[in-house]
Ligand SMILES: *[C@@H]1O[C@H](CO)[C@@H](O)[C@H](O)[C@H]1NC(C)=O
Ligand SMILES: *[C@@H]1O[C@H](CO)[C@@H](O)[C@H](O)[C@H]1NC(C)=O
């Protein structure tokens, strides 16, 4: 079709140049305009918020055919599908769109799935250039829903902390802001006197607020806001506390444990030396120092040792 149209398009171009060059010659221009169907739009990339109306403007600037064929197609990644032909609306838009004569498509209650490219095509059989089309890029904006926020309840002083915020309904994709005690946290702490010494990094794209080393001053009530062109929503504030790990306390605790262990060890040693475990000491002597005892003891020990040796061998 495009190949067939080529000569008439270039013909039309020449005519247009003439028309621009000779604007006063309205009679001439009128004559030229009957040669071709020409479309134009008031807005090639309209947008609307979800559940609002939107106009996909397709204006027939010139035509001489009385009953042109007007069609609208929706172009998605799956290919084109009919929205309007034979004077009827089809598909998903069936009860949500009307045609405003002659060719403009009016969507009365847009949904997020309407975001796509739409093509207005007009075929005018009696015109020399019998076909024209125009592409409209529609964006239906979706307001963010309440984001999912995660704030750690308490963080040890000097440790890292991560606060996250996620919202996935919004279109265009949500961006994020964080607030501490109702005050917006700047993207860069160095730009603010109040946050100057804070060690955080803030990503407005991912919604992550990361502290490298938490300070006492970082404690507070945090909430996040997801926003896009359609609006914004935020989660409820959540408290983050910062607690001090008491180094002195820990060292004292460790010392106490060490001292207690030492006392126990010393106690056991003393008791041992003063013969509290004397019976055990004797049997121990039988094994460890067999030569020291009398002959009987020695033989018995050797027997036992032999036996043990054998049994362990069997096992
Ligand atoms: C638009 O459509 C939604 C559902 O898709 C419906 O809940 C809402 O009431 C409609 N609004 C109008 C004005 O028809
Ligand atoms: C930041 O730290 C410096 C040096 O530790 C201190 O002098 C200054 O007062 C601090 N600023 C704030 C706003 O806390």
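Including glycine, each Cβ sits where the backbone N, Cα and C put it.
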221-246, 247-272 - the one TrEMBL records as transmembrane segment: 247-272
Residues of the domain 'Ig-like' (144-241) by DSSP state, where helix covers H, G and I: 6 helix, 44 strand, 48 coil
